[in-house]
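**Student:** My structure is below; once you've seen it, I'll send some questions.
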Amino acid sequence: MCISLISSIRRTIVICSFPKIMASRQSSDMAKFREKLKSAKDVVILSGAGISAESGIPTFRGAGGYWRKYQAASLATPGAFRDSPSLVWEFYHYRREVAAKAEPNAGHKAIAQYEAKHGADKKVTVITQNVDGLHVRAGTKNLIELHGNLYKTRCTKCREVLVNNDSPICEALAGRGAPEENVRGSDIPVKSLPHCKKSGCGGLLRPHIVWFGENLDSAVLEKAQAAMHTCDVCLVVGTSSVVYPAAMFAPQAAERGAIVAEFNLEPTPATPDFHFYFEGPCGTTLPVALAD
C-alpha cells in the first residue's frame, strides 16, 4: 500500500489516492483544544493548500486540477521541464502572478500573530507545503517551506538558488500564462526564458520547487522531522493528507503521543488518527483556536 511505498522511497514527493471518506465527523470541543494548546511548550502548525485556497490560490487538486488542457500535476515534473521548459515556465509565471495578487487571509494572520505573541515562551514552528509565500507576507518567521517557493529560482547548471520577485521574471513571459483551454503549447524560445546571470554560467533557470518524483531537500526534511518529533501539539491546517512524505508527519506525531488537531473543510484519510477535528474555513476556525 502507500505507506510501504513511501518508506522505500523516503523523501520523494508522491500523491496517494484513497477512497472517498463517507463517514463525517463532528467538530470537536474548541475549549478543550484551547486548554491543550495553552499548556503546550512546543507547537507545530502544518499547512497545506486549503489555507491558501481561501486567498484565491488554485489548489490544482481533483476535478479543478487543470491549467489549460493540462493536468497541473503533469507539468510539475522534471520530465515536463525537459520536454518543454517554455510551457512549464508559462505555468509557473501564471502561478507567480496569481500569488502576487493574493493577500494573506485571516488564517495566515492568526498563525503569524500567535507566533509573534507566544514565540518567546513556546517553540512555534510553521511547516508549509505551500509555495505561494503567503505565510511570509503574513509575518511568520519560523517557517519551513517543504516544497520550495514560487519566488525562488534554481540554476540547472550551477545550482545557485536566488530570490526573484520580478514581474514578469523575464520579458518573454510578459502577458503569457493565460489558463484558457484554447491556448495550446508554448512557442517561447529557450534562449528567451530566465537564465542565470552568474558570471561564466548562463544556465537555464527553473522554479525552485520540489516537483513530483523529486526528493525533498534533505536539510529541509530533517528540520521538519525534528520539529515534528519534539512538538507536543500539532495543528494540521488545510491539507488533504495525500501528498507524501508530509502526509505522514501528523499521524506519526499522534502515534507518539502528541496532541493533533485538524482544521479542514471536510474529513481526510488521516482524520481518524487525530484527537481534535474542526470543520470549516481555516480563516474562520483558526482565529478562534489561536486567540487568547
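Each Cβ is built from the backbone N, Cα and C atoms, and glycine gets one as well.
Caution: TrEMBL annotation is automatic and unverified by curators.
The feature active site, proton acceptor is assigned by TrEMBL to HIS147. Residues or ranges marked as NAD(+) binding site by TrEMBL: 48-67, 129-132, 238-240, 264-266, CYS282. If you look up TrEMBL, you'll see TYR92, ARG95 marked as substrate binding site. For 23-292, the entry in TrEMBL reads domain 'Deacetylase sirtuin-type'.
Any idea what these are sitting next to in the structure?
**Tutor:** GLY56 (NAD(+) binding site) carries neither a helix nor a strand DSSP state and counts as coil.
For ARG95 (substrate binding site), the same-chain residues 6+ apart in sequence whose C-beta sits under 8 angstroms from its C-beta are PRO58, VAL131, ASP132, LEU150.
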**Student:** If you count Cβ atoms within 10 Å of each one, which of the binding-site residues SER52, GLN129 comes out on top?
**Tutor:** SER52
**Student:** Whole-number Å only: compute the distance from the Cα of HIS147 (active site, proton acceptor) to the Cα of GLN129 (NAD(+) binding site).
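**Tutor:** Distance (Cα to Cα, whole Å): 6 Å.
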**Student:** Identify, among the binding-site residues PHE60, TYR92, the residue whose Cβ has the fewest other Cβ atoms within 10 Å in this structure.
**Tutor:** PHE60
